[in-house]
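Taken verbatim from Swiss-Prot:
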BINDING   Thr117, Asp242, Arg289, Gln290, Ser291, Phe292, Ser293, Leu294, Lys295, Glu296  GTP binding site
BINDING   Ser119, Glu296, Lys319, Ser333, Tyr334, His335, Ile336, Lys337  ATP binding site
BINDING   Glu131, Asp133, Asp242  Mg(2+) binding site
COMPBIAS  32-54  compositional bias 'Basic residues'
REGION    29-64  region 'Disordered'
Amino acid sequence: MATLERLLDLLREYHLDDVLFHNSTPELGIQHRSRPKQKRIIRGKKQQKSKKLKRNEQQQPFPKGDLETLRRFSVTDVKISKQSTKWAKKMADKHLEIIRKHCKTNSIKLFNHFEYTGSFYEHLKTIDADELDIMVALSIKMDELEVEQVTPGYAGLKLRDTPSNRNKYNDLTIADNYGRYLSPEKVSRWFFSLVQKAVNTYKDEIPQTEVKLTDNGPATTLVITYREGDKPQEKNRRLSIDLVPALLFKDKTKPAGDDLRAWHYVAKTIPKGARLKEPLPFRSELLWRQSFSLKEKHLMDKLDKDDNGCRREMVRIVKTIVKKDPTLAQLSSYHIKTAFLQYNFSDVKLDWEGKKLAERFLHFLEFLRDRVKDKTLNNYFITDLNLLDDLNDSNIDNIANRLDKIIQNETERAKIFTTQRQ
């Protein structure tokens, strides 16, 4: 009898008693296991399986459509706190107002005003509010210059040969056989000197604040270090402000809203090593780059307002990934913004509802990868200006392969999204 009871215990342990004794067997003193108990056993198996799936999901936390992972990454690694944004704006406004007044007083014929552009003012800045971009609008008028379009995106700005112009801007121009051209380098040096004098007048008057000025190519960079603060996170904070001279022209013969009505040029020349389709028939150091910063800001201002979409959040996530990845970091913020403009403002209607963030994210990465593979990412406003001409073929191939790996491989994506902000 003991042997029989041992056998029954073994059958129950391996859940075989229902198979052998599917009917009651009173002669052996065996009662058939009740159905509710059997259901509890089956439910227990499902729970074990569910836990196993969850463990697998934790190992691969970004399957397609995983909105939660993107949202979490956006909060922990991408978004800038309101306090940080408020601090940067307050600090910038304080210093820029002093500089603006000095420039207005000491260079009334040349300095006009500041234009607040770039990712901070487009609400596309990520990680930290530590860099700002300002266009310095000069007072030179369009009817004083002849714009000579030399290559897509770049132009020479020649002073018109008129009696009123003959003694103007002598310190800012370079003469050649064709006339006098406004020099980006000379204009940048002039503005640096003007701002340096402004900074010297007040840098020792603001307590707990160190102000330095650096010559960063075409930009005059104001570096503000705040040594003390009411809050721990404010101590030793740095804010870098790039100030770039610009000419903002309006062709009044064109109707309002016409893309050709506004012509903006900044004191930035062609990058060294840029691949050009044809040799320049012009001295490259005299070229000014055409700018669309104000138009881009206008487009970005409208984002997500009508449909409460996730466009800005998606762009910020991509920018953060690109910035942190050694291979992708060869792409500039402007590359990402240009690709987004093409992607968002195409003829294809996209669903930007918040719950579609993960779908839009992967789809945009595919769009960017395809542009890079084709080695063609044209300026949104100048379709024959390829922004990838600044990169060599080897780097472009590496970027394309890296994007492809992130898109196709969930493990690679997991590595990106588990990296926390330092």
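Cβ atoms are placed via backbone N, Cα and C, with glycine included.
Of the listed binding-site residues Arg289, Lys295, His335, Lys337, the Cβ environment within 10 Å is emptiest of other Cβ atoms at Lys295. The highest number of surrounding Cβ atoms within 10 Å, among the binding-site residues Glu131, Glu296, is found at Glu296. Checking each of the binding-site residues (Glu131, Asp133, Asp242, Arg289, Ser291, Lys295) against Ser119 (ATP binding site), the C-alpha distance stays within 10 Å for Glu131, Asp133.
In terms of Cα spacing, the binding-site residues Asp133, Glu296, His335, Ile336 that come within 10 Å of Thr117 (GTP binding site) are Asp133, Glu296. Arg289 (GTP binding site) sits 16 Å from Asp133 (Mg(2+) binding site), taking the Cα positions as reference. In the three-state DSSP scheme, Ser291 (GTP binding site) is classed as coil.
The CA atom of Asp242 (Mg(2+) binding site) is located 14 Å away from the CA atom of Ser293 (GTP binding site).
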